[in-house]
């Protein structure tokens, strides 16, 4: 389920109307209630709906035909209890649960994915005319009767959009599957709990039984609160995936309020802790296994169905994505333009430090434990490595924060500050790897020694506790996974710059980082690594609860606490200020808002205001990339998008037929293209990428409309229809206000890629075609790269004339490219376009990163780079040839 928040204003554009604002007519009289708008631009008032529990189980709410069927299906589960054998009942309910769970995650998932990408459900409704009053088919009558029974006899089906009516029917399938899924799970819980003469409260001490029941009930109640709070926040619209069918006006951004401010995707994460509470109460590994199974499938559903749709509808704009890309690319500039090694992630065989890290990790994690004589020696090694890492890293960070010792040393030795951060990253990661490798090696040694023992009783010797082995394994692995997930979430939020304490080493004026982040995992927690950053060590202790592991947990926790609260925090306050550092996290806000009495909330607010006035600070974690706001992504017609992405090739015969314009031989309308070149007779005329194209049109005076227009299209996308254009021109068009005239298509009006194109003359603001021009080709210009730098100026002038002048306005070949290119709304695309044009024109491949790595790069510098690249490539080619001759 997606989450939404109110926004102020929204403007809807018709993607098939050349960027002009569509006039949206409401389909019913204006009344109170939220306003909806379909993806085709039809507006309506969204009627009130109820949640599934109220709809199905509240006797005061009218039951529809489908709802009565759903209730019958739910109560039919009781028939299984007529079977006397409880184990058979468990098998049946597990099979039913698996069926409904797969129906949820793969059935509903498939429908939603196709609805999001292809408008499938709405297309079905339109294809079979399910909501047409005159349709007398059994399916249509059943569907219409269902809606009438839901909404009442006075509900006018025809007055509401097909999208909304389809959503009403889709909701009933959701009700059936979700309620059946939950009911069958509860049946599994009950049958498992009463197994073996009510085993859930037998064979355990009373305090442990009560603890399980109390803690399990707490998880279930917390789960219930999460669901209720989430529904109160996002309402039925998002609960039933309404934004897959239509949008609510002024509800166009993701919400981060209530439970959505506590954890990411609460409906899929903490929204399933109640399942584990049921497993705890039932004291059943069977229940735990199916709870894990269901939760795992739900995370798959989130990743492959929910998140892609959220990104499409609520994701960042192109400019915001562009900014994020720039920041991430500039983040790598501090690490030699390669992703640095984090643990053993981003491993590169061509990087010496990575090889050393791998060798050390294997040595301390595997080789030493294989030859160690005792656990004690491995324990001493692990403690020694952790103490060495803690003291050295904490000392260096403190000295760098207060005295800039690393920066001063680097500058005194003519080493750039960026290089000092890269060197620090290698040192920091190497020491962290050594500590975790030693910890892993200690536990591997323990396992090897215990497994080699012949006495079965010795297998649990040395453990602080040995019960609940499988539960310990599950919880331990879960904690280890959580630490990995938190670490990668931190890197995703603050980048490698933040992960390696970049603001300790790089001056703020030279960094793209200006503010502390409030995005990603930092939206919910100020210091996620303070607890979760070491929970993997706690997980290892749960799997092997030895005294040695317990001491290691203490070392990791104490070091983490000192580093964050006494080193990082003070540096952040000094760098970013107390007010910036002192903000409440999402969890803190939610606890204050929902779990603390109002009197205490007011008292805390007053205390915080007083603290800010008097300079009292709590502090928070390191810096990161600027947080970005999510904006509404434009909804595109998927059929048109398929055409746009078409890679169909036209045959030469087809091109000849198109060039003859047989369909418009006797037309009073004409389109001609001026300035095209032709290499040989019979070949298509062509122009070069970025060159302005001038067209002239002629139309009859008496039939001419000021809303006539001309658009530019790829032939491979429009050859399907010669009389009507079914594809948007994407802004590449112009009005024909006069009966005869000319227009120059340039810059954003052009296609910037090779291919065959045509112009189309359309009538009266519509898409009926009156004339199609002859096809023409857009090619890359051919530029020869000189062999020596003496001709760099001449070559640079050619680059400026044939490539750069078509994209950006530079006065001369020595002017820096970056300041001018950065004025563009999408600088990454500008750099990619220039690099692509250069690569195709010179036959020397370069990437857009050369423009990012050198802020003062000029056209002449680019020319020199190309000359040098050509020189190196020719030398390598010559050497290869020479070697072959010598052989």
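Cβ atoms are placed via backbone N, Cα and C, with glycine included.
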- Recorded membrane side (Swiss-Prot) equal for residue 40 and residue 500: yes
- From the ranges 29-49, 92-112, 113-133, pick the one that Swiss-Prot records as transmembrane segment. 92-112
- Item | Stretch carrying transmembrane segment according to Swiss-Prot (options 355-375, 502-522, 565-585, 586-606) | 355-375
- Item | Residues flagged as transmembrane segment in Swiss-Prot, choosing from 64-84, 148-168 | 64-84
- Message: At a C-beta cut-off of under 8 Å, are there same-chain residues at least 6 beyond the transmembrane segment (424-444) that contact it? List them, or none.
- Response: 335, 340-344, 353, 356-357, 360-366, 368-369, 372, 375, 378-379, 381-382, 385-386, 388-389, 392-393, 396, 406, 496, 500-501, 505, 537, 540, 543-544, 548-549, 552
- Item | For the transmembrane segment (92-112), sequence-distant contacts whose Cβ falls under 8 Å of one of its Cβ atoms, 6 or more beyond its ends | 77, 80, 83, 120-121, 170, 173-174, 177-178, 180-181, 184-185, 187-188, 191, 241, 244, 286, 290, 293-294, 297-298, 300-301, 304-305, 309
- Average pLDDT across the topological domain 'Lumenal' (399-423)? 77
- Counting only residues at least 6 beyond its ends, the same-chain positions whose CB falls under 8 A of a CB in the transmembrane segment (378-398) are 364, 368-369, 372, 405-406, 424, 428, 431-432, 434-435, 438-439, 441-442, 445-446, 501, 504, 548, 551-552, 555-556, 559, 562-563, 567-568, 571
- Message: Is it true that the transmembrane segment (262-282) and the transmembrane segment (174-194) have 3 or more CB pairs under 8 Å, sequence gap of 6 or more?
- Response: yes
- Note on the structure: Note: vs the transmembrane segment (285-305), the recorded stretch with the largest number of Cβ pairs under 8 Å from 174-194, 206-226, 531-551 is 174-194
- Intrachain residues whose Cβ lies under 8 Å of the topological domain 'Cytoplasmic' (85-91), provided they are six or more past its termini: 187-188, 191-192, 194-195, 286
